[in-house]
Amino acid sequence: MNYNKKSIEDIDVKSKKVLVRCDFNVPLNEGKITDENRLVGALPTVKYLMEKGAKIILCSHMGKPKGEPKKELSLLPVAKRLSEMLNKEVVFADDDNVVGENAKKAVEDMKDGDIVLLQNTRYRKEETKNEEIFSKELASLADVFVNDAFGTAHRAHCSTVGVTHYLKEAACGYLIQKELKFLGNAVETPERPFVAILGGAKVSDKINVINNLLDKVDTLIIGGGMGYTFLKSLGYTVGDSLLEEDKVEYAKEMINKAKEKGVNFLLPVDITIADRFDKDAEPIVTEDQNVKEGYMGLDIGSKTAKIYADAIKSAKTVIWNGPMGVFEFKNFANGTIEVAKAMADSDAVTIIGGGDSAAAVNIFGFGDKMSHISTGGGASLEFLEGKELPGIAALNDK
């Protein structure tokens, strides 16, 4: 995939109507936004366009309204909060049809530097099917398209891909530019040693990621629930731990591939186990890689955490996707904390691949110590799988 895409700085936006696809899919509680990270992430692009005198039309989806208006998934709270953050009114074009009379009128009345936010794009069933009719309607509002929603870049929808067929100029915003810089460099031209850490519950979620990264990394570290399928493939007992029986053979193949490629493949040498899945369960650290009957692995052990931390310390590039254990339970958060700490203390380029690892890093207070925290869980996984992301591919090359 070509990562060298035109950015907003490469196009003249003065007095032009610029449709910006943002990711405002934020959590709401009784109409209040509970996590503003995605709004903060959009600000640099919006501010740049304001300064350059563009007419800014923002659009995004929120949740899954399944192609019909749902009041609780309206973007009104986003418009209100953005107005406060930008110190400028963001006009909300409340329109069940997204591009109806309200939206058209709001756009018509715009002056340079003004901002309009359209209603939830998924109010229209055509959006997720990438149907021409809605793509054309969205494109009809603007002269230029800017995609700044990395979180939906792996989806070919009207507001991410379809519009680019009807607007000649399509560029990326600062958020996507940063994602492409960090993830693209890591996958294509990493500084070495290059270490990837994969955790989370399932091997099946990361099959293509493991396979693709083994062609690129110097060390691959495995933790989390997926580790037990690998340990089982080596003949260890896993007790009641999470196990994907149908992936044991695949795990064996990957361990062999690592040997062939000369990749250092690290698995847990000890495990923090408990007799039940409960935040108050007593944590016991095993002597070796075996989990006894009646017990389940809920975190990597302390010896393993030290080995993983040492591997991170010697790296020049580190990518992490997926926690080492059940970090939501204090008794089983240590492995995840130790990995985050080692990355925070490192001089390497450190990249967190979105999702649960991003949540963990922020909860434990290491967020600002990382080089980059990806804003897209699914998108960053597909990126690491080596797949082309439709929302990026659709933009103009430099």
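Yeah, the Cβs are placed from backbone N, Cα and C, and that goes for glycine too.
Database features (Swiss-Prot):
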- ASP23, PHE24, ASN25, ARG38, HIS61, MET62, GLY63, LYS64, ARG122, ARG155: substrate binding site (BINDING)
- LYS206, GLY297, GLU328, GLY354, GLY355, ASP356, SER357: ATP binding site (BINDING)
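Structure with Swiss-Prot features highlighted.
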residue: ASP23; record: substrate binding site; contacts (Cβ under 8 Å, 6+ apart): ARG38, GLY41, ALA42, SER60, ASP148, ALA149, PHE150, GLY151, THR152, THR375, GLY376
residue: ASN25; record: substrate binding site; contacts (Cβ under 8 Å, 6+ apart): ARG38, SER60, HIS61, MET62, GLY63, GLY151, THR152
residue: ARG122; record: substrate binding site; contacts (Cβ under 8 Å, 6+ apart): HIS61, MET62, GLY63, LYS64, PRO65, LYS66, GLY67, LEU73, THR128
residue: LYS206; record: ATP binding site; contacts (Cβ under 8 Å, 6+ apart): LEU198, GLY200, MET226, ASN321, GLY322, LEU381
residue: GLY297; record: ATP binding site; contacts (Cβ under 8 Å, 6+ apart): GLY225, GLY227, TYR228, VAL238, GLY239, SER241, LEU242, PRO268, ILE271, THR272, ILE273, VAL291, GLY325
residue: GLY355; record: ATP binding site; contacts (Cβ under 8 Å, 6+ apart): GLY200, ASN321, GLY322, GLY377, SER380, LEU381
residue: ASP356; record: ATP binding site; contacts (Cβ under 8 Å, 6+ apart): GLY200, GLY322, PRO323, PHE327, GLY377
residue: SER357; record: ATP binding site; contacts (Cβ under 8 Å, 6+ apart): GLY199, TRP320, ASN321, GLY322, PRO323
Residues ASP23, PHE24, ASN25, ARG38, HIS61, MET62, GLY63, LYS64, ARG122, ARG155 [recorded substrate binders]: greatest CA to CA distance in Å: 18
Under 8 Å by Cβ from GLU328 (ATP binding site), same chain, sequence gap 6 or more: LYS279
Number of Cβ atoms other than its own within 10 Å, given for GLY63 (substrate binding site): 14
